[in-house]
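A.B. asks: Have a look at the structure that comes next, please.
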Amino acid sequence: MAGVGLRAVARCGLLCGSHGGRRAASSSPSCPGCGPPGPGPHCPGAPRSAPSPAPAGGTELSEHLWARYQDMRRLVHDLLPPEVCSLLNPAAIYANNEISLRDVEVYGFDYDYTLAQYADALHPEIFNAARDILIEHYKYPEGIRKYDYNPSFAIRGLHYDIQKSLLMKIDAFHYVQLGTAYRGLQPVPDEEVIDLYGGTQHIPLYQMSGFYGKGPSIKQFMDIFSLPEMALLSCVVDHFLSHGLEFDQTHLYKDVTDAIRDVHVKGLMYQWIERDMEKYILRGDETFAVLSRLVAHGKQLFLITNSPFSFVDKGMRHMVGPDWRQLFDVVIVQADKPSFFTDRRKPFRKLDETGSLHWDRITRLEKGKIYRQGNLFDFLRLTEWRGPRVLYFGDHLYSDLADLMLRHGWRTGAIIPELEREIRIINTEQYMHSLTWQQALTGLLERMQTYQDAESRQVLAAWMKERQELRCITKALFNAQFGSIFRTFHNPTYFSRRLVRFSDLYMASLSCLLNYRVDFTFYPRRTPLQHEAPLWMDQLCTGCMKTPFLGDMAHIR
């Protein structure tokens, strides 16, 4: 969007003379959207001659507001030619923090959804198996079997209020995004959501998820495996509600969670993947290319995963080849993350080729050997891999990355497969135009709220309605129920807040590393804080630098 911003600056300079350019011929001394200036200064750098008086009110003022609206529509249209779309690269790596790969000597990896990327076809398998476990082993109603997995229902990062059976999207400031709260498969009216939380959309910190996404009654679903879990939870709640069946919310939540856990613990998921790796494992060749390239440049590699060795071994043989262990200096399986990063009590144990455990004490971690459990403190002592020269990649912000960044100072990279699809949506003309006009309209509302006569309030109400419609349009482009995993209407989501806090880099897959040199330096873009220089059209052309009530406050100064 940088090019758009520059065009906005240039265009605004022509319209209001705020950047040294000539003023366009106009009966109004202010730029489109500013309207007649208030008691304070108007557009930055504009001539200091006395402004023309504002319309007196009534119909004349209403027409003036709509004229400013039309001027802004034309400006937005001029700023967004067709070539403005497709600016973002889905295969790029995005930086939250400055990091030079030249300084990274050791690369670490999780396995599931990091080294091994899985096809979406895995999710309905998990859903169906857990649904059948609920019916056959937990004695849930047979009617639940009529539900099939809906891949477009939920998104990652949602919160679930166990006591209220409420699945919802929460922003970085702990506010529920209205229109994104569901009980079962049905949306909950905004008024009911506000009433459920004591007259507010805000969820207090003590009720919110803790450090690992689990609060006293609210859980955040943070990994990709949670998508079928959220879908099943919603379907089961829907069945009970639609049939008028009484149920205990806590019991239902625990049963669904246990059924999903059983799919993993019983090894069902492992069996499906091992039977048809071509179907379920994506980008295996690219994973091999990333690992071999790092080794060729003298980097040390390690693997820490919660998955069992037999499963990892078969997957790595499929992607990399029978000698895959020669690429890694240390391989740790069934690590029990996140406890691996915080609990000092579990020692490492060596596994042999058959998967049997050895009883000898581990005094060093050998290349080509397989280790189980252990803890990070022994890992650091035995390897001396410390601080920012280590970069670890994982898909779970809490279990994989949080402790490593906050407690140990490692560099971290988040694998976010959803990023690829979201960037493709952002690159569409529909999204770009909707968002840009929404921003411009918000700027108009901010500036014109000084007019409070009856006719002006009607105009402002029409603009507010249009703004809300635009927000719903942009939300639905990502997901009809919950929108983007990264944004509420305007704020970052709670998921985004954690992503920025716990990762130096984030990307759609490890294959994105192939697009960069091994000594590349990532520089995060300097995004302006609210009090810093205005860089966007709605700020430049709607008077964000003005103080609307400066005249009224003069007696205080």
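The backbone N, Cα and C atoms fix where each Cβ goes, glycine too.
Note that the structure is a prediction, hence the values are computed from the model and not measured.
From TrEMBL, for reference:
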type     : residues   : note
ACT_SITE : D110       : active site, nucleophile
ACT_SITE : D112       : active site, proton donor
BINDING  : D110, D395 : Mg(2+) binding site
BINDING  : D112       : GMP binding site
A.B. asks: List every residue in the same chain as the residue listed as 'active site, nucleophile', at least 6 positions away in sequence, whose Cβ is under 8 Å from its Cβ.
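C.D. replies: Non-local contacts for the residue listed as 'active site, nucleophile': L303, I304, T305, K337, Y392, F393, G394, D395, H396, D400, I415.
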A.B. asks: I'd like the Cβ neighbour count for D112 (active site, proton donor), meaning other Cβ atoms within 10 Å of its Cβ, all protein chains included.
C.D. replies: 23
A.B. asks: CB neighbours of D395 (Mg(2+) binding site) within 10 A?
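C.D. replies: Taking all protein chains shown, D395 (Mg(2+) binding site) has 23 Cβ neighbours within 10 Å.
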